[in-house]
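Notes to accompany the following structure.
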Amino acid sequence: MKLSLVVLTLISVAAQALALVARENLPKPQNDPFYQPPDGWESKKVGTILRSRKVNINTLVKDNLKEAWQLLYRTTYRSDDEPTTTVTTIMVPHNAQNDSLVMFGDFEDAGAPQCAPSYTWRAGLTSDVSSIFNVGIAMLYLQEGYIVTMPDKEGNKGAFGSGHVEGRQSLDGIRATLAFDKIGLNKNARVVGHGYSGGGIQCGWTAALKKSYAPEINSVGWYTGGTPSNLTALVERINGGPFAGYVAGGLGGVISTYPDVKAYTDKVFTKQAQKDLEFPQKHCQFEVVLRFPFKNFYDKSFSTVGKRFLYEPVVQKALNELTMGTNPEFTPDTPVLMAHGISDEIAPYEAAHKTYESWCKNGADVEFLSFVNPVSAHGVTTVTSSVPGFLWNRDRLQGKPVQNGCREIKNHDAGINSNALGEDFESALGLLKGLLGDKIGPNDEYLKDALHK
């Protein structure tokens, strides 16, 4: 059946209400001792586990997983000589498959510590309501019995949009998860990744960097949807529009990880600009979007050189480095499914397609799924692409072959085809079994019996 956006909205509203009930009074990451590494951590190898703890996942579902863990691990920023630490959250469903691992890219899209999934997925619905949609997608994998790991890929600098940082920290999160001996996961488990929007940046760069940074990981597929693969094109698309707040978040992430860009912007950005860029480092994405609707970041009140700051050589050098497909060295060596709506009003379709073309030219195996219905905007495609992305990754985890080379596919749907998921997902309720008190994982008959009565 086709689930309308109205039904999806009702599901989301109900989930939000339950998440409010589930909220715990948790210390924010900057006040939580778990996030502070022990002495000597800098000398450890990347991916080394420094701390671990059991946690409850309280966004959407509470206590219905078999277990959940968090790992503090050693990682880096853009280069090997920039050591840092971050956290990944591991969710283990009942009847979990121990030969498969899903790296899930949460689209937190802001730099504040309390926006990271290691906090929002424990605290319930706080200021970051995007966690509701992230959980809905992750539930597809959990219900199928896949262990899910979700790295805080922006690290301590809130590096939203800084792809090399996100990719490295995600790969090290996978390393840490595979090395963790308390969840029964095979050390050579098949690995896939799923990410949309900001999660698409994460997953796209994880795929691109894996060959050079973590070649030992047994990755078999990556899904990246609605991907802002070119940050220059992203800024040009959303500046002055309703989603202009993402400009502030993205600029802050790049500035925090490129010292030469910071040195330049410190000279040309106004005091007001500095205040504007601080906001996404303290607030989550919906607050950021609501703070800056229709703001023109090219205005002289923000930049003394107007729009020229974006095209200053030192800025363009960084943004070119952060454009997927520009460097042949960073070409995925594992099959990729890209999905994008032709009417995407945030992440330009043309830029994502150019990344597809570049990766294909450099020898990658990529499928590009275009949602060609005129209503296929960024938010709509978050929903419509979730099932194809899940099914494609499931095929990879099950060892089904993928067509070599590249191909393009067109999808005319404007809704989500839940029939494609099989009988366990005959209803929207099938995605929300955890909400009804049932255990999360395969082979649970409670809801299915209830639906067939």
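Glycine is treated like the rest: Cβ placed from N, Cα and C.
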Whichever of Cys284, Cys360 is disulfide-bonded to Cys115 when Swiss-Prot is consulted: Cys284
Listed disulfide-bonded residues (Cys115, Cys284, Cys360, Cys406), ranked by Cβ neighbours within 10 Å, top entry: Cys115
Asn98 (N-linked glycosylation site) - helix vs strand vs coil (DSSP): strand
Separation of alpha carbons, Asn230 (N-linked glycosylation site) and Cys406 (disulfide bond) (Å): 20
Asp344 (active site) as reference: those recorded positions from Asn98, Cys115, His378 with C-alpha within 10 Å of it: His378
Of the recorded positions listed as Asn98, Asn230, Cys284, His378, the one whose CA lies nearest the CA of Cys360 (disulfide bond): Asn230
